[in-house]
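Enquirer: The following block contains the structure, expressed as C-alpha cells.
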Amino acid sequence: MKFSLVTDAFEKMSKTTKRTELTEILVELLKSADEDLQSLVYLIEGKLAPDYQGIETQMSDKLIIKALSIVSNIPEEAVSETYSKLGDIGSVAREIAAKKNMRSLVNEDLTVKYVHDTLMRMAKTSGSGSTKARIDAYVDLALSGTPADLMYITRIITGKLRIGVSDATILDAIILAFSDEKYSEEIENAYNFHPDLGYIAVQLRLGNLESVINMGPTPMVPFKVMLAERLRSVDEIVQKMNGKCAFEYKYDGMRTEIHIVDEKVRLFSRGNEETTGQFPDIVKSAKETFHVSSVILDGEAVPYNPETGELYPFQVISQRRGRKYDLDKVSNEIPITVFLFDIVYINGKDLSKTPYAERRRILEGLFKENDNFKLAKRIVSSDTGTITKFFNQAIEDGCEGLVAKSMADDSYYKAGARGWLWIKLKRDYQAQLWDTIDLTVVGAFMGHGRRSGTYGALLLATYNEKNDTFETVCKLGSGFTDDVLFSLPKRFAEFVSKEKPARVVSTIEPDVWIYPSIVMEIIGAEITISPVHTCAFGIIEKDAGLSIRFPRFTGKWRDDKKPEDSTTTQEIIEMYKEQKKTLTEEKS
C-alpha cells in the first residue's frame, strides 16, 4: 500500500471536524490496505505499536532539525528559525522539502510497510552510533517521499500527528470497514480488554469476529480499568443497589494493574502505560507474595510514611513516576502499598464474568498481607449509620471516601465501563460540588500584573464521548501556588497549537490554544447555565451550555489519565440534574 494514500486521507481529514466525515475517510483508507493493515492502523493512531509496548522513535524536534539541515544543506540555525515561525516540526519538514525539492529520482514511492519498518528500526536502535542511525533513517524517508508525506511522517515520529481523531473514532471505522455496527458494543468491550487496534482490525478482516467478541483479560496485556459512577449520599447508593452492596475505601493513589506469569511481573497504569521499572520494590514483593502460575490484579498504589504508616496523597507518588535513577533510595524514602480490590484472571481462568462477591473471596484467599500488598478495607452493609461511620473513618485514614460495589449476581468486571455496579461516594464539600472533576486543558490566557510573564488562566474542557470532542466548561485561574503558576508555560510548551485543535469545540478564543493532552483535577461551587461555554450546548437550555462556577485547582495533575479519561459531558449533565434535584428538595 502506497503511503501517498495515507497522506491523501490525512489531507482530507484536516479539512473537516465532523466525526461522520472523518470516519468515512478512515473506512475508505482501511479498506484499501492489504498486508499493511496492522501497520496502517498504528500509523493512523500516530504510534508504532500499542501504548503498553512503550515503543517510541526517540527522535526529538531538535534531532529532526539536525536531520533536516543535513538533507537540505540548510544551516541548522535557519531550520530553527523556520520552526520558531511555524511552531510545528511537521510543517517545517514540509516547507523545507518543498523548497529544496529533495526527493530522489531513483527512489520508488514510499509504502506503509516501509515507513513503519523504518520507524520501528529507529525506535529499536541503541548504543553508540544510534543517533546517527536515526538521522540516516529519517534522511532516507525525506528523500523517498513527497513534502506532504514527510510532514505526516515527521509528526508521527515526534508523537504529534493530531489529525483530529481518537482511538474511539478509529475503532468505529474498523467496525464499519470489517464488521457490522450491530456488534459495536461487543467489539468495544473486546478492545477495552485488549487495547490493540491493529490486532483487532486484522482479526476482524480475517473474519474472526467470534474470537474478538470473546476476548477477555490476557496476562501481560493491560486492559482499560472498570470505573465508578457517582452519587452524593449513602441512602441513594443503598437504594440504587437494592441493599446488596459492599463499601470499600477509596484510596488517593495511582490505579495499578499487576500482571504475573510465573516469575515475570509487569505493572501498568490506568492509561495502559507500563510502570514496572518505576516500582522495583513492588515487583520484588509481588514475586514473593503471590504463589500462582498467572494472575491479573487491580488495585491502588499509595505512598505512605514509613515511620508513622500515614498515607500520603496522590501527588507524592509522582516523585516515583518517570524516574530512572536512585530508585532504591526513593523506594525507601517513599514506600508504596498496593491496596488490592479486584482480581480478573487467575491460573488461566478469566474471572471477569464472575460476580464481585466471588472475585473478592478469591482475592482474600490469594495472599498474606504485608507492607507492599494489602486488601482494600471494606464492609458489607446496607445500614446507613454503619456505612456513614465507615465513611468517616476512611476520611480520617487519609482516603477520598468510599466505593460501593454491587453484590448482585451480575456484578461482573466491565473493563473501561462506568456503570452503576460501582458507585463512588466522596467527601461532601459544603457549598461546593460534591465531587472533584477531571478536566482537559485546551487553551491558556496570558497573565497581567503579578502574573505577567506566565499564563493567568486556563481554558478547560469536558470530553464528549458521542462526538469525540472536547467542550469548554470553565476558565481556571484559582488554586495555583506561585511555583506552579510560573511553570505553566513550560509544562504546556510541547502542546501549544497555532490553531484551534480539530477536536476542540469552543466559542471562546484563548491567547494560546493547547492540544488536548493534560488533565487536571478541580473543584467548584456549582454547575451553572452558560451562554459562552460549549459543554452540553443546547441540551439543558437552547443556545446555552453548562459551566463550572468558581473553579479551583486542587493541586492534582492527573498524569495517570488520558484526555479521553477526563470527566465527560454526560457526567456534567447528570451532576447538574442532581444539583437541581437537591436544591428543589432543600426548598421544599
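Using the three backbone atoms N, Cα and C, a Cβ is placed for every residue, glycine included.
OK, Swiss-Prot features for this one:
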- GLU248, ARG255, ARG270, GLU300, PHE341, ARG418, LYS424: ATP binding site (BINDING)
- LYS250: active site, N6-AMP-lysine intermediate (ACT_SITE)
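Distances, neighbours, how buried they are, the whole picture for these features please.
Expert: Within the same chain, the residues at least 6 positions away from ARG255 (ATP binding site) whose Cβ sits under 8 Å from its Cβ are VAL225, SER269, ARG270, ASP298, GLY299, GLU300, ALA301, ASP560, listed in sequence order.
Take the CB of LYS250 (active site, N6-AMP-lysine intermediate) and look out to 10 A: across all protein chains shown you find 24 other CB atoms.
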Enquirer: For GLU248 (ATP binding site), what is the tally of other C-beta atoms lying within 10 angstroms of its C-beta?
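Expert: The answer is 23 other Cβ atoms.
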Enquirer: Please list residues from the chain of LYS424 (ATP binding site) whose Cβ is under 8 angstroms from its Cβ, counting only those at least six apart in sequence.
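Expert: Non-local contacts for LYS424 (ATP binding site): ALA228, GLU229, ARG230, LYS250, GLY401, LEU402, VAL403, ALA404, ASP435.
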Enquirer: Fewest other Cβ atoms within 10 Å: which of the binding-site residues ARG270, ARG418 wins that one? Let me know.
Expert: ARG418
Enquirer: Report, as a single number, how many Cβ atoms besides its own are within 10 Å of the Cβ of GLU300 (ATP binding site).
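Expert: Excluding its own Cβ, GLU300 (ATP binding site) sees 22 Cβ atoms within 10 Å.
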Enquirer: Over all pairs within GLU248, ARG255, ARG270, GLU300, PHE341, ARG418, LYS424, the annotated ATP binders, what is the largest Cα to Cα distance, rounded to whole Å?
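Expert: Greatest Cα-Cα span of the listed binding residues: 19 Å.
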